[in-house]
């Protein structure tokens, strides 16, 4: 969440910066003034509580003097009891007001970076650059959709998957399994060579931890809840969630020596993905459970934009190594999630659909997450009014099922699928996977793309 001091002019803040950021997001601007008013009410309660504590101390001293002089202190004792009761009520009010205020602050998005294109329409996402392998024709005629290629490889079984697991359930089979595992292992090796620490994350988080790292609407729209007696846990939607909390409550006193910390997170991810998504619902492109390799970096605040560039470059190098055509797009302000100050997506080319689809999201969340999780940096100084928090950044490297879909469409031949060169060592040296099944009569490509 944002720094509460940013709302207070008298503390060096500038609430107009927050208002302008809210306008860019298409979000409520009036909430800024609501926080300012709530802060004043909270300060008033704190002031009253401090005065009550002073009164209690004064009365306590007077009682001591009366007792020492063996005089009647009954009236003072009654006053003390009354003040103590008042203190209790004020503490309850102050705690409730602070919680209410922080809940409102938490609903306000991060400050949108100046370089983000301002729009409420994702059609206005800005194309930063494109890349395609030299000598490769991006357009393919008479090709199959990724789910048809996987069917012909006998690489997955959606019918039995739905039978045992429900909507969008699937079994990966044979080369589907080996392709997926190859992407996982290659992704981890790729990041390990670039200084990342591999981290296999837990797939369930306690409710209080998830509340610090996920947006409120994610609880309703995206996350699966697991209830065990009185305990509530949530299945993770991305390893970013547990890894962001990995260093919660920690303080890096020597950031120049201790930061950055770079993690290659690996986990199965779970998303409810409510509703239909048209072509995205084909095959294993958009499913409820999938594997993902995630980049997560904690850095000194002054170096986070340098890290942002490095992370999107890593993602580009990964897909260049797979020789998949892609483009980088800057996401418009109105489509940013609350934590992100700026986001780039890498969209790869799917020839059957004839369009680019998102494979990577790379975000700089600045100190929005670390403030919630109390991950600080810098030398500890007595009386510091301004806390310094690390900056947190996240980027997909490879959501393996989705990346596999892209590989299948781009590497298909009339007789099977070529294996990308960088994956061949992870596929037992195989360079080509032959088709072993025919398509059903009502398959997608036989119906036409519409």
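Indices start at 1 and increase along the chain as displayed.
Placed from the backbone N, Cα and C atoms, the Cβ positions cover glycine too.
Note that the structure is predicted; figures quoted are calculated from it, not measured.
Of the residues proposed, 396, 400, 413, the one Swiss-Prot records at the same L-serine site as 238, 239, 240, 294 is 396. Taking Cβ-Cβ distances under 8 Å and a sequence separation of 6 or more, the neighbours of residue 294 (L-serine binding site) in its chain are 238, 239, 240, 243, 263, 264, 265, 266, 267, 394, 395, 396, 397. Sorting the binding-site residues 240, 273, 358 by the number of other Cβ atoms within 10 Å puts 240 first. In the three-state DSSP classification, residue 294 (L-serine binding site) falls within a strand. Around residue 361 (ATP binding site), the same-chain residues six or more apart in sequence whose CB sits under 8 Å from its CB are 331, 343, 344, 345, 395, 396, listed in sequence order.
Here the binding-site residues are 238, 239, 396, and the one ringed by the most other CB atoms within 10 angstroms is 239.
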